[in-house]
Amino acid sequence: MSSSTPNTLPLLSTNKSLSSPFTNNHSTFLSKPSQPFLHGRRCQSFKVSCNVGEHDKNLDAVDRRNVLLGLGGFYGAANLAPLASAAPIPPPDLKSCGVAHIDDKGTEVSYSCCPPVPDDIDSVPYYKFPPMTKLRIRPPAHAADEEYVAKYQLATSRMRELDKDPFDPLGFKQQANIHCAYCNGAYKIGGKELQVHFSWLFFPFHRWYLYFYERILGSLINDPTFALPYWNWDHPKGMRIPPMFDREGSSLYDEKRNQNHRNGTIIDLGHFGKDVRTPQLQIMTNNLTLMYRQMVTNAPCPSQFFGAPLGSDPEPGMGTIENIPHTPVHIWTGDSPRQGHGEDMGNFYSAGLDPLFYCHHANVDRMWNEWKLIGGKRRDLSNKDWLNSEFFFYDENRNPYRVKVRDCLDSKKMGFDYPPMPTPWRNFKPIRRSSSGKVNTASIAPVSKVFPLAKLDRAISFSLTRPASSRTTQEKNEQQEILTFNKMAYDDTKYVRFDVFLNVDKTVNAEELDKAEFAGSYTSLPHVHGNNDNHVKDVTFTLAITELLEDIGLEDEDTIAVTLVPKVGGEGVSIESVEIKLEDC
């Protein structure tokens with residue numbers, strides 16, 4: 001991820017006129033104003049309006065799988081211990097905003113990421129939603145027509161033009177700097193770095209961030225109904241960079257992207273620095289499996305989906321979607337082959353300089369809504385410390401505001417929503433099995449003989465005793481079985497990913513994730529902590545496995561086999577112990 005040279009964006013000529021040569025191709029996708037979808041029933045199939053190429057044959061092949069489309073078949077219910085107390089996070093002190101850092105060597109971002117400080121900084125009011133006449137409906141980017149694309153390009157061009165004044169809070173670079181300041185150590189609270197990743201602040205911060213960014217774009221083209229598109233990477237037909245972002249010379253294009261991942265290349269939602277030599281159909285299948293695991297299996301309750309409370313530790317633990325696919329999409333898009341620090345998308349400080357960042361996070365935000373629709377105990381957190389945490393933003397009129405988490409829980413109340421769309425991962429529970437029966441756990445070393453583990457430099461297997469077996473349905477609803485990795489340490493300036501499997505040994509084919517035995521993955525994106533020289537991260541990693549044990553047929557077993565397969569950076573990962581716990585939701 002880049003050297004100390006910042007991304008330089010071209011300054012466009014000033015044009016205050018709101019007239020523009022929109023392309024009118026009579027598309028049914030979008031009519032003025034920008035209202036691509038209204039309300040409707042969730043559909044079972046979806047036709048895209050963008051042109052398709054040869055690679056779409058594989059997309060259709062995935063569509064033909066009889067488990068791809070349709071809803072239903074979910075397992076809700078229990079999980080995780082109640083959230084620990086952590087004081088509400090106040091908005092950052094802009095007057096003490098400092099230097100942001102890029103890497104563990106102390107490399108400073110060569111420009112200030114701090115926002116302009118308003119004259120009345122000590123009396124910034126709370127934001128109140130303006131009157132709304134109709135919802136802004138965020139469309140899937142891959143299906144957008146040329147009229148919509150022209151509007152989006154124009155709005156982004158005008159935002160870039162505002163960079164003439166480097167202190168204009170509505171300028172493209174100033175908007176990108178919001179992410180840099182909140183994520184690369186520029187803000188401190190109580191002497192600790194303020195970080196909006198790796199905790200329960202992740203979803204609400206980015207929702208508010210996109211809310212104001214979207215409204216600024218709309219104001220620049222006098223269209224209050226303009227809505228950001230979302231990168232539909234959870235659907236096979238959206239698993240590539242949306243075409244509107246891959247046009248050189250467009251205001252939506254960013255030179256600092258991985259050039260090997262352009263022109264319709266299928267994204268790997270588990271990507272961590274290395275391209276897999278796997279057929280496209282298998283990559284898409286793996287993607288849908290990852291989505292099912294992250295949204296359904298591993299996130300039956302709020303604490304696993306949102307992440308851990310932010311307290312004295314600036315990075316207490318991320319939720320399932322932040323882990324995967326959020327982070328791998330950043331890495332896959334960023335230009336790590338040519339840039340020293342993965343710019344733009346591959347580093348927090350520069351991610352907002354790529355317009356695709358906002359499209360990516362629109363789909364991350366959409367996952368918040370989709371997750372709550374699955375049911376069970378999937379609902380917003382009720383912890384007051386979370387609800388009362390605050391952030392600072394400028395609105396489209398350059399007015400400064402404070403905002404609270406509690407006011408962003410319902411996207412419709414904020415004035416935006418997503419159209420009814422198929423979510424094929426909902427019915428993509430892995431059903432194929434690697435083995436026909438139970439692995440002989442007596443032939444595998446017990447956990448006490450394997451841990452503490454000094455380094456995960458190769459695949460390892462071990463047997464683990466469960467706290468209870470043959471649990472009733474009521475017991476499962478009350479408590480989730482949690483596979484827990486205690487005191488896991490690694491250098492958090494390095495890429496890390498390893499996969500976890502149950503009921504298989506270390507000979508498992510880890511390139512095929514669409515197996516019932518695949519439990520989940522752990523990932524980490526390189527990042528820094530301001531001036532902190534200690535980059536060894538000590539975390540607890542958990543996976544909810546109640547559903548998994550049912551699917552594999554191990555509910556009545558007292559002992560199970562667990563296999564860890566390192567993908568990237570395993571040689572730097574140590575784990576003190578592993579256990580299975582029963583925890584309340």
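Note that Cβ sites are derived from N, Cα and C of the backbone, with glycine treated the same way.
The transit peptide annotation in Swiss-Prot covers 1-86. Per Swiss-Prot, the feature disulfide bond maps to Cys97-Cys114, Cys113-Cys180. Residues or ranges marked as Cu cation A binding site by Swiss-Prot on the basis of similarity to another entry: His179, His197, His206. Sequence annotations record features per position, and here Swiss-Prot assigns Cu cation B binding site to His326, His330, His361.
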Which whole-number value in Å describes the distance between the Cα atoms of His197 (Cu cation A binding site) and His361 (Cu cation B binding site)?
13
Can you tell me which of the recorded positions Cys114, His206, His326, His361 is spatially closest to Cys180 (disulfide bond)? Compare CA atoms only.
Cys114
Would you kindly give the Cα-Cα distance separating His179 (Cu cation A binding site) and Cys113 (disulfide bond), rounded to the nearest Å?
8
In angstrom units, rounded to an integer, how far apart are the Cα atoms of His206 (Cu cation A binding site) and Cys114 (disulfide bond)?
17
Between His179 (Cu cation A binding site) and His361 (Cu cation B binding site): CA-CA distance (Å):
12
What three-state secondary structure does DSSP assign to His326 (Cu cation B binding site)?
helix
Specify the nearest of the recorded positions Cys97, Cys114, His179 to His326 (Cu cation B binding site), where nearness means the distance between Cα atoms.
His179
Give me the CA-CA distance between His179 (Cu cation A binding site) and Cys97 (disulfide bond), in Å, as a whole number.
13
Quick one: Cα separation, Cys97 (disulfide bond) versus His330 (Cu cation B binding site), in Å?
25
Run through the Cβ atoms and count how many others sit within 10 Å of the one on Cys114 (disulfide bond).
20
